[in-house]
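S.K.: As annotated in TrEMBL:
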type	residues	note
TRANSMEM	54-71	transmembrane segment
REGION	83-107	region 'Disordered'
ACT_SITE	115	active site, proton acceptor
ACT_SITE	308	active site, proton donor
């Protein structure tokens, strides 16, 4: 038999548990025998009210743990960050490259433009590119829209060699109040080439004068002089220095990239090209085999040296020479060249 104080203690405990879990009384039936009497063997030590309260509490704890586990598996570990992401406004197309963009956006067009150069004049961008008589496109911004507006030349180049109908790699600059468009004529894979120049008082189509030959290699006047005996006079670029001196850069494969000074008109080589010419870049070891072309002007006996497309820029206090170097494709995957020798 339990003492009175023990009975009172058990009764008080039972009442506290029952009150704490009273809202869940519907979860479990009372643990009693028919007639409402508890099992005789538990009655002395554990009153039925206390027993029901403990069972209900255990069920509630288990249910709480289950719900907590379920929520943890469905909700992200960082709900604050997730909420911030959901609250971000929708991204709208940006008309210009943004500083945080790793690369500026590209815009597909049906324009077939190769080897372009671009200048900016009075709020308008002008693009000059390979095409019949040198194509001109204009746009209010680099982002476009670009519109073809005409050509530099009104007819084929006056230089009687190469692809004179569609001169290559034009570069247009402004010097003083005159615009100069330097271009090349050649046949692909051969160094029987020439560089010409046209001028105009405005950057758009119309009003251009083709002055013709500036320098040439392979055949023709001056091609038997250094450095034109071993170079390929294509891919012209011109920079006028801080002192007003103009320089012409050119070259593709063969003996690399060369530079010659121009006179103050930018229409002729200054002085003696043989003594003034400077070799800026040369590839010592040819990574490509020699061509077997029957024309000696279309093969390099010691192998091909893929280097071309140079241009010079200035940012105080340095001059920077940019150029294309190396082979792009069709490597033997079983015999790849070492890094830097592609």
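Using the three backbone atoms N, Cα and C, a Cβ is placed for every residue, glycine included.
Since this is a predicted model, take the numbers as computed values, not measurements.
Quick one: how deep are these features, and who are their neighbours?
M.R.: If you take the C-beta of residue 115 (active site, proton acceptor) and look for same-chain residues 6 or more apart in sequence within under 8 angstroms, you find 129, 130, 168, 169, 170, 235, 309.
Annotation for residue 308 (active site, proton donor): spatial neighbours 234, 235, 251, 252, 253, 257, 323, 324, criterion Cβ-Cβ under 8 Å with sequence separation of six or more.
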